[in-house]
């Protein structure tokens, strides 16, 4: 069974120690609630991932574990088969003992867009909200973060993350907790909080921004990446039904509207540092993710539109700083 004792030990003497008052009970309930379904099968696969300490690890320019020279061809084939059990792999890519996990998303491209605008992560404690299988968490560690905590409620993402961590040696201060942000108390402790690809999935985007603020220390940095539309501060797209075949997209604001929301939530130093239209090369089907992807979500006659007729995905990166909060804002 996946356990979180190493995380509890790691934060026991940190500014996150007060989280231990509630976290073990919450994760214990999660474990009890997931005794059935696919999780037991995936955990059996995780228990087979016993490999030597990698001869090379690179988290600064990629997520590369091992050169591919330590394992025999038979061992590589076995490891490939084990990792394929965790399909679909959506966020990556990963290189594991020479095995190239070509994921649906080129998450490294997003990181390249983000990394040059954020405050240096060296010696920072970082929270990644909606972290998926953890690709960006490894890159955050590679950029010098002291501790990286990711939250995402998906059992599959947890197992994908655990697979990578175990093959990497299992000693790195990177942790994925199967939680939604609404399950976190106001920790007021993280130096940097990332929320990338989450806001438009939230029924209440203002509440999400407040939840993100509550995890930051005063002066901490929010890195927010989300879908946007063109328009002024009053422009917000609310899809009538689906957006890009997704039925869980609620609000897509303009950059101006999003910056106004952040100001309303008492962030300061708010700035948009990048706007990028998602390309068919950045999100696509692969051997490791064989389901539909971006090309299937766009109008075949006009890729500037989704199949529903909405503007095609455009993503903005907004950076802001937590101000001293006004406790009258709820």
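A Cβ is built for glycine as well, from the same backbone N, Cα and C atoms used for every other residue.
Feature list (source: Swiss-Prot):
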- 91, 105, 110, 130, 152, 153, 154, 181, 182, 196, 200, 315: carboxy-S-adenosyl-L-methionine binding site (BINDING)
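Annotated features taken from Swiss-Prot, shown on the structure.
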residue: 91; record: carboxy-S-adenosyl-L-methionine binding site; DSSP class: strand
residue: 110; record: carboxy-S-adenosyl-L-methionine binding site; DSSP class: helix
residue: 152; record: carboxy-S-adenosyl-L-methionine binding site; DSSP class: coil
residue: 182; record: carboxy-S-adenosyl-L-methionine binding site; DSSP class: helix
residue: 200; record: carboxy-S-adenosyl-L-methionine binding site; DSSP class: helix
For this session: Compile a sequence-ordered list of residues in the same chain as residue 154 (carboxy-S-adenosyl-L-methionine binding site), six or more apart from it, whose Cβ lies below 8 A from its Cβ; state 'none' when nothing qualifies.
Result: 132, 178
Exercise. In this structure, which of the binding-site residues 152, 182 has the fewest other Cβ atoms within 10 Å of its Cβ?
Worked result: 182
For this session: With an 8 Å cut-off on Cβ-Cβ distance and a minimum sequence separation of at least 6, pull the same-chain contacts of residue 200 (carboxy-S-adenosyl-L-methionine binding site), or say none.
Result: 226, 227, 243, 249, 250, 251, 252
